[in-house]
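The transmembrane segment annotation in TrEMBL covers 25-51, 63-89, 101-122, 134-156, 204-227, 239-257, 277-296. If you look up TrEMBL, you'll see 43-294 marked as domain 'G-protein coupled receptors family 1 profile'.
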Amino acid sequence: MIIFNNTTSSSPNFLLTAFPGLELAHIWISIPVCCLYTIALLGNSMILFVIIIERSLHKPMYYFLSMLSAVDLCLTISTLPTVLGVLWFHAREISLKACLIQMFFVHGFSFLESSVLVAMAFDRFMAICNPMKYAIIFTDMVILVIGLVICLRQVIFTFPMVLTLKNVSFYAGKELSHPFCYHPDMIKYSYSNPWISSFLGMFLQLYLTGTDLLFILFSYILILRTVLSIVAPKKQQKALSTCVCHICAVTIFYVPMISLSLTHRLLSSTPRVVCSILANVYLLLPPVLNPIIYSLKTKTIRHAMLQVFQFKGSRGPNVRGLRGRWD
């Protein structure tokens, strides 16, 4: 079996795979896939555009929503070229260097979305449990610092993983399970012992997303305790309704991600087509559903979007900026 090392081989490569066994139907499969990508790109772009131009939405909760939309947009763009390349042109071959770059962006933006969801959970916690301190703590400068810390955190933890793989030898011409580069999928074909790199990758994912998920769960335990202490049932329902969008975003992000990671590392006998479907769900479900959920649930976002479509000059009276509320 041919073996290559990125430092010595002139053309190291992997072979990308979209849906194993369904190669003849790639053109037809590309239609719904393109529709999902279009929804993700247009939906998140619209959320960003509306929040930027509408001054009444320049509040902490909407700043975090714009961060989520920006991350979803970048995550979608990072996989779009290779996915459509495989489906439309059967362009399966990808060099190791290009694969590492794509892997860096895929995992970096994935971890970044996890951190943004943590920031949004903290926003909900402060809005419901400490409403008097909400405006004092969440200033524009604090939100900017939170955004910079989140980005720096991803670079610090993701970049070393890519540098480590750069010095690893791989078997040549191996087929990956997805139309993009994913660490657990790549490391299976390393010439050295893959368990070490796989364990390090699993540890990194558990450390980043695991701690993030625990923090989110802890925040909602405190939120639930605060809500249950409210006597009026209508106020309880109103307080819980402000968290519905975020709970949906957390669910559609963590469930597919954890399922895909465990499938690659623990269930080696899983059919490749199942891994491929899980991967596409993991990458497309959050960017597609998040804009839909927030635009349908959040009246202020929905009203602002309607104003953009109607080209009205006076936006202020129709869009009410409500601090700390997702109503």
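Cβ atoms are placed via backbone N, Cα and C, with glycine included.
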Discussion item. So, taking each listed stretch (101-122, 134-156, 277-296) in turn and counting its Cβ pairs to the transmembrane segment (204-227) that are under 8 angstroms, which one gives the highest count?
Written reply: 101-122
Practice prompt. Count, for each of 25-51, 63-89, 134-156, 239-257, 277-296, the Cβ pairs lying under 8 Å from the transmembrane segment (101-122), and report the range with the highest count.
Written response: 63-89
Worksheet entry | Stretch of maximal Cβ-Cβ contact with the transmembrane segment (277-296) [cut-off: under 8 Å; candidates 25-51, 63-89, 134-156, 239-257] | 25-51
Worksheet item: Against which stretches of its own chain does the transmembrane segment (25-51) lie, if we need a Cβ under 8 Å and a gap of at least six residues from its ends?
Response: 18-19, 57-58, 62-63, 65-66, 69-70, 72-73, 76-77, 80, 83-84, 86-88, 90, 280, 284, 287-288, 290-292, 294-295, 301, 304-305, 308
Practice prompt. Residue list, the transmembrane segment (63-89) vs rest of chain: Cβ under 8 Å, 6 or more residues beyond ends.
Written response: 16-18, 26-27, 29-30, 33-34, 37, 40-41, 44-45, 47-48, 51-52, 102, 105-106, 109-110, 112-113, 116-117, 119-120, 123, 143, 147, 150, 179-181, 249, 283-284, 286-287, 290-291, 294, 301
